[in-house]
Structures are given as structure tokens and as C-alpha cells.
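Student: Just dropping this structure here.
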Amino acid sequence: RRCGAMDWQVLTRELSLYLESQVRVGLFGSGVGLSLVLGFGVAYACYYLSSIAKKPQLVASNERFCRFLEEYCPVVTETYYPTIWCWEGRVQTLLRPFITSRPQVQYRNELIRTADGGQISLDWFDNNDSLYYLDASTRPTVLLLPGLTGTSKESYILHMIHQSETLGYRCVVFNNRGIAGEELLTPRTYCAANTEDLEAVIHHIHNLYPSAPFMAAGVSMGGMLLLNYLGKTGRDTPLMAAAIFSAGWNVFESVESLEKPLNWLLFNYYLTTCLQSSISRHREMLEKLFDMDLVMKARTVREFDKQFTSVMFGYRSIDDYYEDASPCRKLKSVGIPVLCLNSVDDVFSPGHAIPVETAKQNANVALVLTSCGGHIGFLEGIWPRKCTYMDRVFKQFVQAVFEHGNKIFSM
């Protein structure tokens, strides 16, 4: 028995060595390994081209608006090729802030006072070196609205300004109260539903440059705020048009998606801590109205909004706030041309919550829906540092509005 056991061990060891040598020779000597790699590559490429790389869905009931986009903003009709190694929505969302470059932008800061005694920080990129628009009084101006806790320093804002700079346009970034380093003069911050500060900013800019073509672009919560403003004002706005990127259309659906275990781990908890951090610096001012210890214990965005945001703006319940903050309710009332880019795999704004049918009922609205892209992701290219699909949509649409907008304003 001992001999048999020893023989079996020897035989097993020798067989393992033989198989190992054959694998080494077979894979790298006979080309089997290269064939496997090539086969996997071909299979992955076929899957990518058939299931990942697709033309976006363009939703617009106005044929003139569609033709305008096809001619002057053709990127919305072209196949979007997400970065081949990180096309999944969550991965795109997580990687964009780290992968994309941060163009250098020199701002001029302006603090403006509000009717309630507060102040708003505006960061101007005047583009005084513009070769196309030498006269500052008529230089096209783009108002940029960052996301929930974003400021003028966000990479996607810097890229928008870089794109605008090459076209000769001026930009101004609307920083929500208290998050860009300025002090809170009153115990009030901001939310997606209340448009008073945005209205004040828009009229301030328009009064400074009444002869300058003027439009706006909002990202994430900035897009929600801009849509709620447009739904409130209709045609009664100095803005010519607007671009919206990765807006959360239905807040109930957005928070439910973010509360799923993986999404909570990857996004919700971090976003909640960012919200808490944005107000902790103003704790002495805010403690006059809020139980800040309770606010700082929130572990989800919903809990934060329940204890802080909805209370600050006088809503009876968080549901009342979320209903008022959801742009899908106001889309029918938008009175100027608006282009909205969303990815259907965005966990912040689930594809099933995008108001496709409502958009079809308003001739001023065009939705561009990609199958991939995540939340403010839209990465493309092998190493997507410089330009994303979102950046290209922004650049082409802004240029189309400022240089050919007369073809859609009569619709």
C-alpha cells in the first residue's frame, strides 16, 4: 500500500509537470494562446459593436428642431462609442472625475446680493481674448449650472468653458449659496425646486449685457434647477435656449435607485457626506433654525433632505419637496428650445423615469438618450482624458444656437 501510494504521488507529480510543459509549449509555442486571445478579442469586439456602441435615440416631436440638430449638431445622430474598457454606467460615473483632464481657467469672481439679504458667488470667464467677438457687449454668454455640490472647479464645468473659449464665447458659473467659499449671510442654502436665486442671476447677467446672445447649460441638479426655472417662466426669459445634461427627471425614482445596496455604497453615502460637509462650515448660522446634530446623522440623501432641505424651504413633507423638485412635472411648460442628454444606464436618473412621452408633447424639447454613459460620464476613446461625448454635444449645440438659432426660434 505504501509503494502504491508513493507511486501514485510520483505519477501525479510527473503528470502535472508534463501537462504544465505542454500548456507552456502549446500556448506560447504553437500559437494556441494567441488564438485564444484573438478569439476572445473578436468576440468582445462583436459584442461591443452590436450591444454597446449605438446611435443615441433622438426624441423630438418638432421636425424642424430635428432637422436643425441633424444639420448643426450632428453628434446627436452619430454612433456613440463608449470607452471600450469602461462602458458600464457606474464605472463611467466613478472614473470621469479622475480620468478627464482639468483645463486651466482663470475666473473673475463676483458676489451679488439677493432680495433676502443673502449673497451668490458668480465666477466669470470673460474671454477678453476672443478673436471672434471683440465687442464684450455683444459677446455670446453661456450660464453654467454645476451639480448638487459642484462648483466652478468641477472638471465638466472646466471642459465646457474650454469648449466655449475656442468658439469665442463668455461663460459665467452660478455657484449655489455657501459652497464656493463665500459666507452665508442668511440661514438659507439652495434646492432643486426653488428658482429664486437662478432668476436673480439670469436677470443680473442680462442687465449687464442686454445685447449679448444668452443661453444656459445645467448639469445634474443644475439641469433640474434650470428645467424647473424654464417650466415656471415659459417664454418669459432672456435665455435663447438651454442644454441639460444628466438631469434627474423624477426625484422619487432617483432616490429609490440610489438607495439600492450597491448604489448606496458607491454613491449615496458619499454624496450625503458631501452635502453635510457643504453646510458644516456654516453650522453657526444654520443652528439658528435646524437641529444640526440630527442633520449630520443622515446616512442617505433622502434623510438629509427630510431633516434639512425640505424644512428649509417650507415643505410640509419630503414628498411635497420631491414632487415640486421633479422637472418631469414642468416639462410641458418649457417655452424655449431645450436639448436634454441622458444615459439610460444612469443610476442617478433611471432610464424608465425619463419622460419620453411628455417630451413628445412639447415642440421645444429634444431628448438625446444614449444606451451607455452613466451620470455625467459619457467617456469615449481609448484613454478619455480630453473630450467626452457630453462635451461634444455641448459645443455643437451651443454653437448651433448662437450662430444658426434663427432657424429654430420661429418654431
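Cβ atoms are placed via backbone N, Cα and C, with glycine included.
All annotation found in TrEMBL is predicted automatically rather than curated by experts.
Heads up, here are the entries from TrEMBL:
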type	residues	note
TRANSMEM	25-49	transmembrane segment
DOMAIN	140-381	domain 'AB hydrolase-1'
ACT_SITE	S220	active site, charge relay system
ACT_SITE	D346	active site, charge relay system
ACT_SITE	H375	active site, charge relay system
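Show me how these features fit into the shown structure, please.
Tutor: If you take the C-beta of S220 (active site, charge relay system) and look for same-chain residues 6 or more apart in sequence within under 8 angstroms, you find P146, G147, L148, G150, F245, S246, A247, G248, F348, H375, I376.
Counting Cβ atoms from all protein chains shown, H375 (active site, charge relay system) has 25 others lying within 10 Å of its own Cβ.
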Student: Given the model, what does the mean pLDDT over the domain 'AB hydrolase-1' (140-381) come out as?
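Tutor: The predicted confidence over the domain 'AB hydrolase-1' (140-381), as a mean pLDDT, is 97.
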